Amino acid sequence: MCGIWALFGSDECLSVQCTSAMKIAHRGPDAFRFENVNGFTNCCFGFHRLAIVDQLYGMQPLRIKKFPFLWLCYNGEIYNHQTLKKQFEFDHQTKVDGEILLHLYDRFGIQKMATLLDGVFAFVLLDTANRKVFLGRDTYGVRPLFKLLTDDGFLAVCSEAKGLIDITHAMATPASVTPFLPGHFEVFDLKQNGKVQSIQMEPFHCCTKEPAHAVYDTVERLPTSFDEETVKSNIRMLFENAVRKRLMAHRRIGCLLSGGLDSSLVAATLVKLAKEEKLQYPIQTFSIGSEGSPDIIAARKVAAHIGSEHHEVNFTAEEGIQAVEEVIFHLETYDITTIRASVGMYLISKYIREKSDSVVIFSGEGADELTQGYIYFHKAPTPAAAAEDCVRLLKELYLFDVLRADRTTAAHGLELRVPFLDHRFTAYYLSLPEDMRTAKHGVEKHLLRDSFKGLNLIPDDILWRRKEAFSDGIMSVKKSWYTCLQEHLESMVNDSQMERAHKTFPHLPPHSKEAYYYRQVFEKLFPGRADWLTHYWMPRWINATDPSARTLSIYKPDKDQ
(Lines of atoms letter the chains of each structure in order from A and count residues from 1; the text may use other names and numbers.)
(Lines give C-alpha, C1' and ligand atoms only; values in the text may rest on other atoms or scores of the structure.)
Protein backbone atom coordinates (compact mmCIF):
# COMPACT_ATOMS: atom_id res chain seq x y z
CA MET A 1 0.00 0.00 0.00
CA CYS A 2 1.66 3.16 -1.21
CA GLY A 3 0.76 6.33 -3.02
CA ILE A 4 1.85 6.87 -6.61
CA TRP A 5 1.68 10.09 -8.62
CA ALA A 6 3.15 11.00 -12.01
CA LEU A 7 2.99 13.76 -14.62
CA PHE A 8 3.88 13.63 -18.31
CA GLY A 9 4.05 16.90 -20.27
CA SER A 10 3.22 19.34 -17.48
CA ASP A 11 2.60 22.92 -18.66
CA GLU A 12 3.22 24.35 -15.22
CA CYS A 13 6.38 24.54 -13.14
CA LEU A 14 6.79 21.10 -11.54
CA SER A 15 7.52 22.47 -8.07
CA VAL A 16 4.06 24.09 -8.12
CA GLN A 17 2.38 20.88 -9.33
CA CYS A 18 4.11 18.64 -6.80
CA THR A 19 2.12 20.12 -3.90
CA SER A 20 -0.78 18.03 -5.29
CA ALA A 21 1.26 14.87 -4.66
CA MET A 22 1.22 15.67 -0.94
CA LYS A 23 -2.56 15.14 -0.78
CA ILE A 24 -2.03 11.38 -0.73
CA ALA A 25 0.79 11.42 1.87
CA HIS A 26 -1.36 9.27 4.22
CA ARG A 27 -0.90 6.31 1.85
CA GLY A 28 2.82 6.09 2.53
CA PRO A 29 3.92 7.36 5.93
CA ASP A 30 7.45 5.88 5.79
CA ALA A 31 9.13 7.96 3.07
CA PHE A 32 8.51 10.35 0.16
CA ARG A 33 10.39 10.90 -3.08
CA PHE A 34 9.87 13.32 -5.93
CA GLU A 35 11.94 12.72 -9.06
CA ASN A 36 12.23 14.35 -12.48
CA VAL A 37 12.82 12.18 -15.53
CA ASN A 38 16.21 12.68 -17.19
CA GLY A 39 15.84 14.10 -20.68
CA PHE A 40 12.15 15.00 -20.18
CA THR A 41 12.10 18.24 -18.21
CA ASN A 42 8.32 18.31 -17.71
CA CYS A 43 7.84 14.67 -16.61
CA CYS A 44 8.14 13.52 -13.02
CA PHE A 45 7.17 10.90 -10.44
CA GLY A 46 6.05 11.30 -6.84
CA PHE A 47 5.97 8.37 -4.43
CA HIS A 48 4.79 7.90 -0.83
CA ARG A 49 6.12 4.70 0.64
CA LEU A 50 4.75 2.21 3.13
CA ALA A 51 7.63 -0.22 3.62
CA ILE A 52 6.34 -3.81 3.54
CA VAL A 53 8.88 -5.73 1.45
CA ASP A 54 12.63 -4.90 1.08
CA GLN A 55 13.35 -2.12 3.57
CA LEU A 56 16.53 -1.09 1.73
CA TYR A 57 15.66 -0.87 -1.98
CA GLY A 58 11.94 -0.30 -1.87
CA MET A 59 11.94 3.37 -2.83
CA GLN A 60 10.42 4.33 -6.17
CA PRO A 61 10.47 5.13 -9.00
CA LEU A 62 12.22 1.77 -9.13
CA ARG A 63 15.17 1.56 -11.54
CA ILE A 64 17.81 -1.12 -11.87
CA LYS A 65 21.22 -1.18 -13.59
CA LYS A 66 20.12 -3.78 -16.13
CA PHE A 67 17.36 -1.54 -17.56
CA PRO A 68 18.45 2.09 -17.04
CA PHE A 69 15.75 3.20 -19.51
CA LEU A 70 12.86 1.80 -17.42
CA TRP A 71 11.16 3.73 -14.62
CA LEU A 72 8.50 2.02 -12.50
CA CYS A 73 6.11 3.51 -9.99
CA TYR A 74 3.70 0.94 -8.64
CA ASN A 75 1.46 0.30 -5.66
CA GLY A 76 0.58 -3.24 -4.63
CA GLU A 77 2.01 -6.69 -4.03
CA ILE A 78 2.94 -9.33 -6.58
CA TYR A 79 2.47 -12.62 -4.72
CA ASN A 80 4.15 -14.78 -7.36
CA HIS A 81 7.29 -12.68 -7.86
CA GLN A 82 9.58 -15.39 -6.47
CA THR A 83 7.90 -18.12 -8.52
CA LEU A 84 8.26 -16.13 -11.76
CA LYS A 85 11.85 -15.17 -10.96
CA LYS A 86 12.75 -18.86 -10.64
CA GLN A 87 10.64 -19.91 -13.63
CA PHE A 88 12.30 -17.47 -16.05
CA GLU A 89 15.70 -17.35 -14.28
CA PHE A 90 15.62 -13.59 -13.89
CA ASP A 91 18.63 -11.99 -12.21
CA HIS A 92 17.11 -9.66 -9.60
CA GLN A 93 19.00 -6.70 -8.19
CA THR A 94 16.65 -6.02 -5.25
CA LYS A 95 14.20 -7.93 -3.05
CA VAL A 96 11.33 -5.68 -4.15
CA ASP A 97 8.38 -7.70 -5.50
CA GLY A 98 7.74 -5.00 -8.13
CA GLU A 99 11.12 -5.58 -9.80
CA ILE A 100 9.51 -8.58 -11.54
CA LEU A 101 7.51 -6.12 -13.71
CA LEU A 102 10.70 -4.77 -15.27
CA HIS A 103 12.03 -8.23 -16.18
CA LEU A 104 8.68 -9.47 -17.50
CA TYR A 105 8.16 -6.33 -19.58
CA ASP A 106 11.64 -6.52 -21.05
CA ARG A 107 11.23 -10.17 -22.02
CA PHE A 108 7.56 -10.43 -23.00
CA GLY A 109 6.12 -6.96 -23.51
CA ILE A 110 3.29 -5.24 -21.64
CA GLN A 111 0.36 -7.57 -22.45
CA LYS A 112 1.98 -10.79 -21.26
CA MET A 113 3.61 -9.00 -18.32
CA ALA A 114 0.20 -7.93 -17.00
CA THR A 115 -1.37 -11.37 -17.43
CA LEU A 116 1.44 -13.08 -15.48
CA LEU A 117 1.07 -10.93 -12.35
CA ASP A 118 -0.68 -12.67 -9.48
CA GLY A 119 -1.46 -9.91 -7.06
CA VAL A 120 -2.98 -6.49 -6.64
CA PHE A 121 -1.40 -3.53 -8.36
CA ALA A 122 -1.61 -0.18 -10.06
CA PHE A 123 1.44 0.82 -12.07
CA VAL A 124 2.99 3.53 -14.21
CA LEU A 125 5.84 2.17 -16.31
CA LEU A 126 7.98 4.52 -18.40
CA ASP A 127 10.23 3.20 -21.17
CA THR A 128 12.43 6.13 -22.27
CA ALA A 129 14.26 4.02 -24.89
CA ASN A 130 11.06 3.29 -26.83
CA ARG A 131 9.28 6.45 -25.69
CA LYS A 132 6.28 4.67 -24.20
CA VAL A 133 4.23 5.12 -21.03
CA PHE A 134 2.13 2.22 -19.69
CA LEU A 135 -0.62 2.24 -17.08
CA GLY A 136 -2.25 -0.85 -15.58
CA ARG A 137 -4.52 -1.92 -12.74
CA ASP A 138 -5.37 -5.29 -11.18
CA THR A 139 -8.45 -7.33 -12.09
CA TYR A 140 -10.74 -6.03 -9.32
CA GLY A 141 -9.17 -2.64 -8.78
CA VAL A 142 -8.09 -3.56 -5.24
CA ARG A 143 -5.40 -0.92 -5.71
CA PRO A 144 -6.74 2.45 -6.86
CA LEU A 145 -5.60 4.49 -9.87
CA PHE A 146 -6.94 7.70 -11.44
CA LYS A 147 -5.89 9.59 -14.51
CA LEU A 148 -6.30 13.04 -15.98
CA LEU A 149 -5.65 13.40 -19.71
CA THR A 150 -6.05 16.70 -21.55
CA ASP A 151 -6.88 17.03 -25.25
CA ASP A 152 -3.35 18.27 -25.94
CA GLY A 153 -1.72 15.20 -24.35
CA PHE A 154 -0.83 16.18 -20.79
CA LEU A 155 -1.20 13.07 -18.60
CA ALA A 156 -1.38 13.02 -14.80
CA VAL A 157 -1.83 9.85 -12.75
CA CYS A 158 -2.48 9.32 -9.04
CA SER A 159 -3.59 6.67 -6.53
CA GLU A 160 -6.46 8.90 -5.42
CA ALA A 161 -8.45 11.47 -7.35
CA LYS A 162 -7.69 14.19 -4.79
CA GLY A 163 -4.08 14.30 -6.03
CA LEU A 164 -5.27 15.38 -9.49
CA ILE A 165 -8.09 17.89 -8.97
CA ASP A 166 -5.79 20.90 -8.45
CA ILE A 167 -3.32 20.06 -11.22
CA THR A 168 -3.07 23.03 -13.59
CA HIS A 169 -2.81 22.77 -17.37
CA ALA A 170 -2.85 25.04 -20.40
CA MET A 171 -6.31 24.11 -21.70
CA ALA A 172 -9.26 26.41 -21.16
CA THR A 173 -11.72 23.58 -20.54
CA PRO A 174 -11.41 21.54 -17.33
CA ALA A 175 -10.01 18.04 -17.83
CA SER A 176 -11.94 15.16 -16.31
CA VAL A 177 -10.40 12.95 -13.65
CA THR A 178 -11.49 9.33 -14.17
CA PRO A 179 -10.82 6.03 -12.42
CA PHE A 180 -8.58 3.76 -14.46
CA LEU A 181 -10.53 0.62 -15.41
CA PRO A 182 -9.57 -2.51 -13.44
CA GLY A 183 -8.13 -5.44 -15.41
CA HIS A 184 -6.90 -3.13 -18.21
CA PHE A 185 -3.62 -1.69 -19.42
CA GLU A 186 -3.11 1.41 -21.56
CA VAL A 187 -0.21 2.32 -23.84
CA PHE A 188 0.84 5.89 -24.66
CA ASP A 189 3.39 7.24 -27.11
CA LEU A 190 5.66 9.73 -25.33
CA LYS A 191 6.59 12.76 -27.43
CA GLN A 192 9.81 14.72 -27.06
CA ASN A 193 7.95 17.55 -25.30
CA GLY A 194 6.72 15.10 -22.64
CA LYS A 195 3.13 15.03 -23.89
CA VAL A 196 1.51 11.67 -24.67
CA GLN A 197 -0.94 10.08 -27.06
CA SER A 198 -3.00 7.02 -26.12
CA ILE A 199 -2.54 4.28 -28.72
CA GLN A 200 -3.96 1.17 -27.03
CA MET A 201 -6.32 0.36 -24.15
CA GLU A 202 -7.39 -3.20 -23.56
CA PRO A 203 -8.36 -5.76 -20.93
CA PHE A 204 -5.73 -8.34 -19.91
CA HIS A 205 -7.85 -10.42 -17.51
CA CYS A 206 -11.53 -10.97 -16.80
CA CYS A 207 -12.71 -12.52 -13.52
CA THR A 208 -14.44 -15.50 -15.17
CA LYS A 209 -11.26 -16.71 -16.90
CA GLU A 210 -8.50 -18.82 -15.37
CA PRO A 211 -5.55 -16.39 -15.05
CA ALA A 212 -2.52 -16.98 -17.30
CA HIS A 213 -0.21 -17.15 -14.27
CA ALA A 214 -2.05 -20.25 -12.97
CA VAL A 215 0.28 -22.52 -14.99
CA TYR A 216 3.20 -21.41 -12.79
CA ASP A 217 1.26 -21.59 -9.53
CA THR A 218 2.39 -23.63 -6.54
CA VAL A 219 -1.03 -25.30 -6.38
CA GLU A 220 -1.17 -27.86 -9.16
CA ARG A 221 -4.05 -28.28 -11.61
CA LEU A 222 -7.24 -29.12 -9.76
CA PRO A 223 -9.54 -32.09 -10.39
CA THR A 224 -12.18 -30.82 -12.84
CA SER A 225 -15.12 -32.98 -11.75
CA PHE A 226 -18.21 -31.16 -10.45
CA ASP A 227 -18.83 -33.89 -7.91
CA GLU A 228 -19.79 -32.08 -4.68
CA GLU A 229 -16.97 -33.43 -2.50
CA THR A 230 -14.35 -32.62 -5.16
CA VAL A 231 -15.69 -29.09 -5.52
CA LYS A 232 -15.66 -28.48 -1.77
CA SER A 233 -12.11 -29.81 -1.49
CA ASN A 234 -10.99 -27.52 -4.35
CA ILE A 235 -12.63 -24.52 -2.68
CA ARG A 236 -10.79 -25.22 0.57
CA MET A 237 -7.46 -25.76 -1.17
CA LEU A 238 -7.67 -22.60 -3.29
CA PHE A 239 -8.85 -20.49 -0.39
CA GLU A 240 -6.04 -21.68 1.86
CA ASN A 241 -3.57 -21.04 -0.95
CA ALA A 242 -4.99 -17.51 -1.35
CA VAL A 243 -4.36 -16.75 2.32
CA ARG A 244 -0.92 -18.40 2.36
CA LYS A 245 0.51 -16.42 -0.56
CA ARG A 246 -0.63 -13.19 1.14
CA LEU A 247 1.58 -13.82 4.17
CA MET A 248 4.44 -12.12 2.28
CA ALA A 249 5.49 -9.21 4.55
CA HIS A 250 8.25 -7.83 6.76
CA ARG A 251 5.66 -6.03 8.87
CA ARG A 252 3.19 -7.45 11.38
CA ILE A 253 0.01 -9.02 9.99
CA GLY A 254 -3.44 -8.57 11.57
CA CYS A 255 -7.02 -9.24 10.52
CA LEU A 256 -10.38 -7.45 10.64
CA LEU A 257 -12.98 -9.67 12.27
CA SER A 258 -16.66 -8.76 12.19
CA GLY A 259 -17.83 -12.16 13.38
CA GLY A 260 -19.55 -12.79 10.06
CA LEU A 261 -18.75 -15.80 7.88
CA ASP A 262 -16.24 -14.16 5.52
CA SER A 263 -13.93 -12.41 7.97
CA SER A 264 -14.12 -15.41 10.33
CA LEU A 265 -12.93 -17.80 7.60
CA VAL A 266 -10.09 -15.43 6.71
CA ALA A 267 -9.03 -14.94 10.35
CA ALA A 268 -9.20 -18.65 11.20
CA THR A 269 -7.21 -19.67 8.12
CA LEU A 270 -4.70 -16.90 8.77
CA VAL A 271 -4.11 -18.02 12.39
CA LYS A 272 -3.74 -21.63 11.27
CA LEU A 273 -1.21 -20.80 8.52
CA ALA A 274 0.71 -18.32 10.68
CA LYS A 275 1.41 -21.21 13.07
CA GLU A 276 2.46 -23.49 10.21
CA GLU A 277 4.75 -20.81 8.78
CA LYS A 278 6.06 -20.13 12.31
CA LEU A 279 5.40 -16.38 12.31
CA GLN A 280 7.19 -14.82 15.30
CA TYR A 281 4.05 -13.20 16.74
CA PRO A 282 0.40 -14.01 17.44
CA ILE A 283 -2.13 -12.77 14.88
CA GLN A 284 -4.10 -9.78 16.13
CA THR A 285 -7.80 -9.59 15.26
CA PHE A 286 -9.83 -6.39 15.46
CA SER A 287 -13.58 -5.89 15.71
CA ILE A 288 -15.69 -2.76 16.07
CA GLY A 289 -19.18 -2.07 17.35
CA SER A 290 -21.19 -0.49 20.09
CA GLU A 291 -21.22 -2.33 23.42
CA GLY A 292 -23.12 -5.61 23.06
CA SER A 293 -23.69 -5.33 19.29
CA PRO A 294 -24.19 -8.60 17.33
CA ASP A 295 -20.80 -8.24 15.58
CA ILE A 296 -18.84 -7.64 18.78
CA ILE A 297 -20.34 -10.74 20.45
CA ALA A 298 -19.82 -12.97 17.40
CA ALA A 299 -16.25 -11.75 16.81
CA ARG A 300 -15.35 -12.37 20.46
CA LYS A 301 -16.56 -15.95 20.10
CA VAL A 302 -14.51 -16.54 16.91
CA ALA A 303 -11.37 -14.99 18.42
CA ALA A 304 -11.64 -17.28 21.46
CA HIS A 305 -12.12 -20.28 19.17
CA ILE A 306 -9.12 -19.57 16.91
CA GLY A 307 -6.86 -18.17 19.64
CA SER A 308 -6.07 -14.76 18.18
CA GLU A 309 -4.93 -11.75 20.19
CA HIS A 310 -8.25 -9.95 20.03
CA HIS A 311 -8.97 -6.20 20.21
CA GLU A 312 -12.43 -4.67 20.49
CA VAL A 313 -13.10 -1.08 19.48
CA ASN A 314 -16.26 0.40 20.94
CA PHE A 315 -17.77 3.43 19.32
CA THR A 316 -20.89 5.46 19.82
CA ALA A 317 -23.28 6.75 17.17
CA GLU A 318 -22.01 10.29 17.97
CA GLU A 319 -18.37 9.34 17.23
CA GLY A 320 -19.49 7.70 14.00
CA ILE A 321 -21.45 10.75 12.91
CA GLN A 322 -18.49 13.04 13.68
CA ALA A 323 -16.27 10.97 11.37
CA VAL A 324 -18.60 11.13 8.33
CA GLU A 325 -17.02 14.18 6.70
CA GLU A 326 -13.45 12.81 7.01
CA VAL A 327 -14.67 9.49 5.64
CA ILE A 328 -16.20 11.14 2.54
CA PHE A 329 -12.91 13.02 1.99
CA HIS A 330 -10.99 9.74 1.91
CA LEU A 331 -13.59 7.78 -0.07
CA GLU A 332 -14.23 10.39 -2.78
CA THR A 333 -17.78 9.10 -3.19
CA TYR A 334 -21.30 9.91 -1.99
CA ASP A 335 -22.67 6.38 -2.35
CA ILE A 336 -24.94 5.74 0.63
CA THR A 337 -24.12 2.18 1.65
CA THR A 338 -20.39 2.72 1.04
CA ILE A 339 -20.31 5.67 3.45
CA ARG A 340 -22.38 3.87 6.11
CA ALA A 341 -20.10 0.83 6.04
CA SER A 342 -16.91 2.90 5.84
CA VAL A 343 -17.34 4.74 9.13
CA GLY A 344 -16.74 1.62 11.25
CA MET A 345 -13.85 0.52 9.05
CA TYR A 346 -12.28 3.99 9.18
CA LEU A 347 -12.48 4.11 12.98
CA ILE A 348 -11.09 0.60 13.43
CA SER A 349 -8.20 1.40 11.05
CA LYS A 350 -7.43 4.50 13.13
CA TYR A 351 -7.32 2.31 16.25
CA ILE A 352 -5.01 -0.24 14.55
CA ARG A 353 -2.62 2.52 13.47
CA GLU A 354 -2.52 4.18 16.89
CA LYS A 355 -2.79 1.25 19.31
CA SER A 356 -1.13 -1.74 17.62
CA ASP A 357 1.86 -2.59 15.48
CA SER A 358 -0.09 -4.50 12.82
CA VAL A 359 0.35 -2.87 9.40
CA VAL A 360 -0.74 -5.56 6.91
CA ILE A 361 -4.45 -6.14 7.43
CA PHE A 362 -6.44 -9.10 6.08
CA SER A 363 -10.14 -8.67 5.40
CA GLY A 364 -13.14 -10.59 3.97
CA GLU A 365 -14.04 -8.25 1.09
CA GLY A 366 -15.27 -9.76 -2.15
CA ALA A 367 -16.91 -12.87 -0.67
CA ASP A 368 -20.46 -11.52 -0.92
CA GLU A 369 -20.05 -10.56 -4.56
CA LEU A 370 -18.39 -13.84 -5.46
CA THR A 371 -20.56 -16.29 -3.52
CA GLN A 372 -23.98 -14.56 -3.74
CA GLY A 373 -23.88 -13.41 -0.14
CA TYR A 374 -26.30 -10.51 -0.26
CA ILE A 375 -29.75 -11.26 1.07
CA TYR A 376 -31.41 -10.04 -2.13
CA PHE A 377 -29.96 -13.10 -3.93
CA HIS A 378 -32.81 -15.10 -2.37
CA LYS A 379 -35.04 -13.26 -4.84
CA ALA A 380 -32.97 -14.05 -7.96
CA PRO A 381 -35.41 -15.23 -10.66
CA THR A 382 -33.04 -17.97 -11.92
CA PRO A 383 -29.59 -19.40 -11.04
CA ALA A 384 -28.33 -17.89 -14.31
CA ALA A 385 -29.52 -14.42 -13.30
CA ALA A 386 -27.81 -14.80 -9.92
CA ALA A 387 -24.56 -15.92 -11.57
CA GLU A 388 -24.69 -13.00 -13.97
CA ASP A 389 -25.22 -10.55 -11.12
CA CYS A 390 -22.11 -11.93 -9.37
CA VAL A 391 -19.98 -10.95 -12.34
CA ARG A 392 -21.58 -7.49 -12.43
CA LEU A 393 -20.89 -6.99 -8.72
CA LEU A 394 -17.28 -8.16 -9.06
CA LYS A 395 -16.69 -5.79 -11.97
CA GLU A 396 -18.13 -2.90 -9.95
CA LEU A 397 -16.21 -3.64 -6.74
CA TYR A 398 -13.78 -0.80 -7.45
CA LEU A 399 -16.66 1.70 -7.10
CA PHE A 400 -18.01 0.27 -3.85
CA ASP A 401 -16.65 -2.35 -1.41
CA VAL A 402 -13.06 -2.46 -2.61
CA LEU A 403 -12.98 1.34 -2.71
CA ARG A 404 -14.21 1.43 0.90
CA ALA A 405 -11.70 -1.17 2.04
CA ASP A 406 -8.73 0.50 0.36
CA ARG A 407 -9.48 4.09 1.38
CA THR A 408 -10.44 3.51 5.00
CA THR A 409 -7.25 1.52 5.66
CA ALA A 410 -4.99 3.68 3.45
CA ALA A 411 -6.19 6.77 5.32
CA HIS A 412 -4.22 5.40 8.28
CA GLY A 413 -1.23 4.00 6.40
CA LEU A 414 -2.31 0.34 6.55
CA GLU A 415 -2.10 -2.21 3.78
CA LEU A 416 -5.16 -4.29 2.99
CA ARG A 417 -5.14 -7.89 1.73
CA VAL A 418 -8.26 -9.62 0.41
CA PRO A 419 -7.85 -13.39 -0.16
CA PHE A 420 -11.44 -13.88 -1.40
CA LEU A 421 -10.47 -11.87 -4.50
CA ASP A 422 -7.60 -14.18 -5.38
CA HIS A 423 -7.61 -14.69 -9.19
CA ARG A 424 -7.60 -18.47 -9.11
CA PHE A 425 -10.15 -18.72 -6.32
CA THR A 426 -12.63 -16.38 -8.05
CA ALA A 427 -12.13 -17.95 -11.49
CA TYR A 428 -12.75 -21.42 -10.06
CA TYR A 429 -15.82 -20.41 -8.07
CA LEU A 430 -17.36 -18.66 -11.09
CA SER A 431 -16.72 -21.74 -13.25
CA LEU A 432 -18.96 -23.93 -11.09
CA PRO A 433 -22.46 -24.87 -12.31
CA GLU A 434 -24.90 -22.01 -11.68
CA ASP A 435 -27.32 -24.02 -9.55
CA MET A 436 -24.47 -25.12 -7.25
CA ARG A 437 -23.78 -21.53 -6.23
CA THR A 438 -27.29 -20.38 -5.29
CA ALA A 439 -28.82 -20.00 -1.83
CA LYS A 440 -30.07 -23.33 -0.43
CA HIS A 441 -32.52 -24.06 2.40
CA GLY A 442 -32.97 -20.33 2.92
CA VAL A 443 -29.23 -19.83 3.53
CA GLU A 444 -27.09 -17.66 1.27
CA LYS A 445 -23.47 -18.70 0.44
CA HIS A 446 -24.51 -22.30 1.11
CA LEU A 447 -21.71 -23.88 -0.95
CA LEU A 448 -18.99 -21.83 0.75
CA ARG A 449 -20.33 -22.68 4.23
CA ASP A 450 -20.75 -26.34 3.33
CA SER A 451 -17.14 -26.52 2.11
CA PHE A 452 -15.88 -25.73 5.62
CA LYS A 453 -18.43 -27.87 7.49
CA GLY A 454 -17.16 -30.35 10.08
CA LEU A 455 -13.61 -28.94 10.20
CA ASN A 456 -14.02 -27.01 13.46
CA LEU A 457 -12.17 -24.13 11.77
CA ILE A 458 -14.74 -21.66 13.13
CA PRO A 459 -17.68 -22.25 15.52
CA ASP A 460 -20.66 -23.92 13.85
CA ASP A 461 -23.13 -21.17 14.66
CA ILE A 462 -20.77 -18.64 12.99
CA LEU A 463 -20.35 -20.88 9.95
CA TRP A 464 -24.13 -20.76 9.50
CA ARG A 465 -24.69 -17.21 10.81
CA ARG A 466 -27.04 -15.17 8.59
CA LYS A 467 -25.64 -12.22 6.65
CA GLU A 468 -25.62 -8.97 8.64
CA ALA A 469 -25.15 -5.76 6.71
CA PHE A 470 -21.82 -4.50 8.13
CA SER A 471 -23.23 -1.06 8.85
CA ASP A 472 -26.05 -2.71 10.86
CA GLY A 473 -24.22 -5.46 12.77
CA ILE A 474 -22.04 -2.90 14.56
CA MET A 475 -24.99 -1.43 16.50
CA SER A 476 -27.80 -3.09 18.44
CA VAL A 477 -30.68 -5.02 16.90
CA LYS A 478 -33.16 -2.55 18.32
CA LYS A 479 -31.58 0.41 16.59
CA SER A 480 -29.21 -0.04 13.69
CA TRP A 481 -26.35 2.27 12.71
CA TYR A 482 -28.15 3.51 9.61
CA THR A 483 -31.20 4.50 11.72
CA CYS A 484 -28.91 6.51 14.05
CA LEU A 485 -27.43 8.24 11.01
CA GLN A 486 -30.79 9.01 9.46
CA GLU A 487 -32.19 10.42 12.70
CA HIS A 488 -29.18 12.67 13.17
CA LEU A 489 -29.10 13.89 9.57
CA GLU A 490 -32.86 14.56 9.53
CA SER A 491 -32.16 17.92 11.18
CA MET A 492 -29.27 18.79 8.83
CA VAL A 493 -31.38 18.98 5.65
CA ASN A 494 -34.76 20.70 5.38
CA ASP A 495 -37.83 19.72 3.36
CA SER A 496 -37.51 22.50 0.81
CA GLN A 497 -33.94 21.39 0.02
CA MET A 498 -35.30 17.89 -0.60
CA GLU A 499 -38.00 19.21 -2.93
CA ARG A 500 -35.34 20.91 -5.06
CA ALA A 501 -32.86 18.03 -4.84
CA HIS A 502 -33.29 16.89 -8.45
CA LYS A 503 -32.57 20.45 -9.64
CA THR A 504 -29.67 21.06 -7.24
CA PHE A 505 -28.09 17.70 -8.09
CA PRO A 506 -29.33 16.62 -11.54
CA HIS A 507 -26.80 13.74 -11.72
CA LEU A 508 -28.01 10.92 -9.40
CA PRO A 509 -30.32 13.12 -7.29
CA PRO A 510 -30.51 12.08 -3.61
CA HIS A 511 -33.80 10.52 -2.47
CA SER A 512 -33.37 10.90 1.29
CA LYS A 513 -32.04 13.51 3.69
CA GLU A 514 -29.15 11.21 4.56
CA ALA A 515 -28.18 10.91 0.88
CA TYR A 516 -28.61 14.69 0.44
CA TYR A 517 -26.27 15.40 3.34
CA TYR A 518 -23.56 13.07 1.94
CA ARG A 519 -23.88 14.74 -1.43
CA GLN A 520 -23.57 18.20 0.10
CA VAL A 521 -20.36 17.23 1.89
CA PHE A 522 -19.01 15.60 -1.29
CA GLU A 523 -19.74 18.71 -3.39
CA LYS A 524 -18.01 20.91 -0.82
CA LEU A 525 -14.88 18.72 -0.95
CA PHE A 526 -14.94 17.84 -4.67
CA PRO A 527 -17.06 20.44 -6.48
CA GLY A 528 -18.33 19.41 -9.91
CA ARG A 529 -17.04 15.84 -9.64
CA ALA A 530 -20.38 14.05 -9.14
CA ASP A 531 -19.76 11.91 -12.24
CA TRP A 532 -17.13 9.90 -10.32
CA LEU A 533 -20.12 7.82 -9.21
CA THR A 534 -22.12 6.28 -12.06
CA HIS A 535 -24.93 4.77 -9.94
CA TYR A 536 -25.83 4.03 -6.33
CA TRP A 537 -25.32 0.53 -4.93
CA MET A 538 -28.78 -1.04 -4.60
CA PRO A 539 -30.21 -4.56 -4.18
CA ARG A 540 -31.72 -6.15 -7.32
CA TRP A 541 -35.01 -7.93 -8.05
CA ILE A 542 -36.91 -6.25 -5.21
CA ASN A 543 -38.29 -2.78 -5.06
CA ALA A 544 -35.60 -1.42 -2.78
CA THR A 545 -35.41 2.26 -1.93
CA ASP A 546 -32.59 1.88 0.61
CA PRO A 547 -29.43 -0.25 0.26
CA SER A 548 -29.60 -1.67 3.80
CA ALA A 549 -30.55 -5.33 4.13
CA ARG A 550 -32.62 -4.36 7.16
CA THR A 551 -35.17 -2.55 5.01
CA LEU A 552 -35.88 -5.63 2.88
CA SER A 553 -38.98 -7.70 3.55
CA ILE A 554 -36.87 -10.87 3.33
CA TYR A 555 -34.52 -9.75 6.12
CA LYS A 556 -34.82 -11.83 9.30
CA PRO A 557 -32.51 -10.84 12.15
CA ASP A 558 -31.12 -13.67 14.26
CA LYS A 559 -33.55 -14.40 17.08
CA ASP A 560 -30.89 -14.68 19.74
CA GLN A 561 -29.27 -11.30 19.24
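Even glycines carry a Cβ here, placed using N, Cα and C.
Straight from TrEMBL, the features:
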{"type": "ACT_SITE", "residues": "Cys2", "note": "active site, for GATase activity"}
{"type": "BINDING", "residues": "Asp97", "note": "L-glutamine binding site"}
{"type": "BINDING", "residues": "Leu256, Ile288, Ser363, Gly364", "note": "ATP binding site"}
{"type": "DOMAIN", "residues": "2-191", "note": "domain 'Glutamine amidotransferase type-2'"}
{"type": "SITE", "residues": "Glu365", "note": "site 'Important for beta-aspartyl-AMP intermediate formation'"}
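Mapped onto this structure are the features recorded in TrEMBL.
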| residue | record | Cβ contacts under 8 Å, 6 or more apart |
| --- | --- | --- |
| Cys2 | active site, for GATase activity | Arg27, Gly28, Phe47, His48, Arg49, Leu50, Gln60, Asn75, Ser159 |
| Leu256 | ATP binding site | Ser263, Thr285, Phe286, Ser287, Met345, Ile348, Ile361, Phe362, Ser363, Gly364 |
| Ile288 | ATP binding site | Asp295, Ile296, Glu312, Val313, Asn314, Phe315, Gly344, Met345, Leu347, Ile348, Tyr351, Ile474 |
| Glu365 | site 'Important for beta-aspartyl-AMP intermediate formation' | Asp262, Leu397, Asp401, Val402, Ala405, Leu416, Val418, Phe420, Leu421 |
Item to check | Neighbours of Leu256, Ile288, Ser363, Gly364 excl. site residues, C-beta within 8 Å of centre, ATP | outcome: Cys255, Leu257, Ser258, Ser263, Phe286, Ser287, Met345, Ile348, Ile361, Phe362, Glu365
Checklist entry - So what pLDDT does the domain 'Glutamine amidotransferase type-2' (2-191) average out to? => result 93
Checklist entry - Including all protein chains displayed, how many Cβ atoms other than that of Ser363 (ATP binding site) lie within 10 Å of its Cβ? => result 24
Next on the checklist: Just to be sure I understand the packing, how many Cβ atoms besides its own are within 10 Å of the Cβ of Gly364 (ATP binding site)?
Outcome noted: 24
